[in-house]
Amino acid sequence: MGNSDTDRKASYEDASGEHGEVVSTISSSRNPLQPPDTSSEEPFTTYFDNKIPIPEDETHSCFSFRKLWAFTGPGFLMSIAYLDPGNIESDLQSGAVAGFKLLWVLMLATIIGLLLQRLAARLGVVTGLHLAEVCNRQYQKVPRIILWLMVELAIIGSDMQEVIGSAIAINLLSVGKIPLWGGVLITIADTFVFLFLDKYGLRKLEAFFGFLITIMALTFGYEYITVKPSQEKLLKGLFIPYCQNCGTTQLEQAVGIVGAVIMPHNMYLHSALVKSRQVNRANKREVREANKYFFIESCIALFVSFIINIFVVTVFAEAFFEKTNADVNGVCMNASSPHSSLFPNNNETLEVDIYKGGVVLGCYFGPAALYIWAIGILAAGQSSTMTGTYSGQFVMEGFLNLRWSRFARVLLTRSIAITPTLFVAIFQDVEHLTGMNDFLNVLMSLQLPFALIPILTFTSLPSVMNDFANGLFWKIAGGILILLICSINMYFVVAYVMSLNHVALYIGAAILSVIYLSFVVYLALK
């Protein structure tokens with residue numbers, strides 16, 4: 001990496017403050033490996049102007065609800081990535097394709113995600129730097145730029161699903177009067193408005209995200225109560241890791257669940273969000289305490305997101321597993337649904353996405369089910385679009401050391417992510433987006449090593465983490481996880497490319513795979 005361990009350790013001690021003073025939660029444009037720039041202007045902030053103080057609670061030394069409440073916020077913002085429209089679509093497709101049989105995969109993926117988020121939070125707490133800033137200090141220029149581009153691709157792919165998810169919800173709520181591109185423009189506009197809520201205080205912003213998560217819980221919970229899934233099948237699907245009579249379709253869906261749940265840019269986001277709490281990093285007790293409460297908060301937040309995901313999977317597993325297009329077409333015709341033409345009158349297995357999922361719910365359980373579903377999707381899309389914006393800002397500032405005005409940074413990061421989304425919305429029909437989502441899931445799954453390898457590497461380095469470096473277990477488990485993810489990715493890519501049936505694409509995919517694996521190996525060995 002071009003720097004000695006001694007230099008690196010000095011840079012982190014410099015970033016943490018020599019005498020344990022509280023360090024401002026800023027994304028500084030100065031690399032701590034370089035001498036300070038005395039002519040620089042006032043530091044700028046990404047989304048938190050001040051740190052939230054942690055109250056002292058002498059009466060409860062082991063655990064304090066007051067302290068947990070003070071640390072609550074970053075984990076719930078992070079958990080929104082587990083509830084974005086891409087995840088919701090993966091959930092409903094899992095239920096429709098495999099019934100209750102893949103619930104254990106969802107639970108396992110969520111647990112793995114929790115452990116990775118724990119590492120991301122620890123990195124931010126211990127070093128006072130988020131993952132993109134640490135990458136900036138640890139990697140040389142060329143691999144750093146490539147890594148940034150890979151993470152940026154993941155953010156763009158995620159953003160396309162989130163914004164288009166919101167646009168689909170708006171289209172459903174307006175009974176088709178607002179086209180897809182109109183919904184995209186509305187989502188972009190209101191995202192800019194909501195992003196400046198932090199001017200009124202970070203806690204108010206976090207409360208707004210909490211409100212959106214509550215809307216998702218209520219709306220998808222309503223669908224769950226309406227459909228009344230089998231509790232026996234639910235428990236069996238959760239705790240028996242087996243998929244009876246499953247074929248290639250179900251296997252690909254299981255792989256898709258992992259790719260949808262564990263999102264690469266979310267680790268960059270979480271490592272930055274934890275910097276919003278006032279922790280004296282020179283005090284090991286405070287650092288240890290912060291790590292403990294952030295982990296507890298992450299457990300609660302991801303448990304809530306897991307329950308919401310279960311609502312969606314089980315609703316579609318109970319109501320639409322093994323249904324054919326003809327079954328749905330007949331019900332929609334009887335319900336006088338204007339969308340019955342979406343489902344041809346044949347015996348092929350029903351294929352659903354976010355749009356068709358809402359339509360099918362409306363046909364079977366009435367218009368209320370359709371509109372409540374759309375409200376839940378809108379909350380999911382809007383909240384995840386906002387956290388995606390923060391991810392884009394942190395990643396770009398950390399990797400590139402940008403020092404621009406707040407508005408310019410938001411405008412640039414949004415433009416990079418939104419432009420391809422707008423083109424898709426203009427030229428693609430709202431009823432034919434499933435193919436695009438399959439491609440985006442493959443794209444994001446491919447980007448996972450570019451978050452996993454840095455986070456596992458840096459949290460294992462004593463020169464970065466001091467006394468809080470990972471032990472042998474995490475190093476072995478991390479290596480196995482990276483191998484597993486890369487194997488799954490290669491399977492996913494091969495299956496996707498083979499389905500395209502074109503020799504030129506086979507050759508191109510083979511060349512890109514070699515380049516991809518070479519860079520992954522470089523990062524792993526660096």
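Every residue, even glycine, has its Cβ placed from backbone N, Cα and C.
The following features are taken from TrEMBL:
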COMPBIAS  1-21  compositional bias 'Basic and acidic residues'
COMPBIAS  24-43  compositional bias 'Polar residues'
REGION    1-45  region 'Disordered'
TRANSMEM  95-116  transmembrane segment
TRANSMEM  178-196  transmembrane segment
TRANSMEM  208-225  transmembrane segment
TRANSMEM  254-273  transmembrane segment
TRANSMEM  294-317  transmembrane segment
TRANSMEM  359-380  transmembrane segment
TRANSMEM  407-427  transmembrane segment
TRANSMEM  439-461  transmembrane segment
TRANSMEM  473-497  transmembrane segment
TRANSMEM  503-525  transmembrane segment
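Segment contact is absent for the transmembrane segment (254-273) and the transmembrane segment (359-380), given fewer than three CB pairs below 8 angstroms at sequence separation of 6 or more. Take the transmembrane segment (208-225) and the stretches 294-317, 359-380, 407-427, 473-497: counting Cβ pairs under 8 Å, 359-380 has the most. Ranked by the number of CB pairs under 8 Å to the transmembrane segment (178-196), the listed stretches 95-116, 294-317, 359-380, 407-427, 503-525 are led by 407-427. Below 8 A, the CB atoms of the transmembrane segment (439-461) and the transmembrane segment (473-497) form 3+ pairs separated by six or more positions in the chain. Counted as Cβ pairs under 8 Å, contacts with the transmembrane segment (503-525) are highest for 473-497 among 294-317, 359-380, 473-497.
Distant neighbours of the transmembrane segment (359-380): 80, 83-85, 87-88, 162, 165-166, 168-170, 172-173, 212-213, 215-216, 219-220, 222-223, 226-227, 315, 319-320, 328, 331-332, 335, 337, 339-340, 342, 350, 352; these residues of the same chain sit at least 6 beyond its ends, with a Cβ under 8 Å from one of its Cβ atoms.
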